């Protein structure tokens, strides 16, 4: 690849996207170092693999590095970023540029979209692996079956998420480009929906003449750009107008099945062990990719049936005292609606308690109205203060303000809890046997579910009022 650059330093190495690239480079024999603000399961794993991981950001950490890779969360005044640039001869690049370099000698399957990227990437990866293509994979979440978010394969294909959040996905070279949906998101970078659509269109039109776009026809924002797509594309969805159609969708608990039709032919049945109509669409995207690559139908079926999910995507954390605890990464109104609909479909007889941690001030401000109307499938809602994710607070944009907006739109059992600790305290008093509790958000809200399970197990259950013994 780049033989002069043997020591690669990652600023923000603990991020899920950065860590996957770091793991691939370690497996390729490169010397990897990095820094992050705190020790996590991810940083411990990388350290065990041989990476030199530093806690905190200091200028001396970049000494000796041949190239420095920055997470999208790293600002210009970060001490390691500044030090590397002052050194002059050390390239300082963004994550997407390093990912693009890893893809340079591969055929790439890139999965883009506002929602569903991680699950769809995981499904495509699992199907390609089942089909014997042995892909190299970088996913934005830990695949349950593999225990990691990255895998170095020996095949000709690389499967990865294309993160649109800062526009750097335009640096990536797609051979096959999947777009799951386009939504109003990342308004700290994009001006408006038209800007987002235009950027996705540029991404799709980067496909070479021998490539293919795989586009979800259910999404209105994708439909509106189809006339301007210049490259070969196929569509998928529930509609009879889609090239790949999911028909006769059936759900049973956490399982879904459907029949695939394409261009007048019935291809067969697909079963997935991940609930939700949105995941039917995600799996259908994987079917379309696999058919483009001429994989056997049996391998497609087996690969999707074998797929057991991704951490933090409707992840069943456990059950204690007849209280079911689930965690999900959903932090956008569209994602929250889909997840809570799935929760209601899977557990119609349970009271549904949602613990939501808003993520980023800019997102909360831009989508306040949409957030106020996306929690109707919750019986009880706890909202914490906003998880900043390195952003500076915006006056008047708070978790309490969001709670007031949700209440004004008709939610009658809502509790504002300033911290995750206070959310746990309130939850302990509210929870009753038979409840389903789901934690939602891209920050550290998942801890509340784990703490709740530990308390329920240690206390031996809950009393009639819902209080722990």
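Even glycines carry a Cβ here, placed using N, Cα and C.
Remember, it's a predicted structure, so these values are computed and weren't measured experimentally.
So that you can see what the record holds, here are the features copied from Swiss-Prot:
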BINDING   113, 114, 115, 116, 117, 118, 119  ATP binding site
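Shown are the binding-site residues 115, 117; the one with the most C-beta atoms within 10 angstroms of its own C-beta is 117. Apart from 113, 114, 115, 116, 117, 118, 119, the ATP site neighbourhood in this chain, defined by C-beta within 8 angstroms of the site C-beta centre, holds 111, 120, 180, 181, 282. The DSSP secondary structure for residue 119 (ATP binding site) is helix.
Compared over the binding-site residues 118, 119, the count of CB atoms lying within 10 A of a residue's CB peaks at 119.
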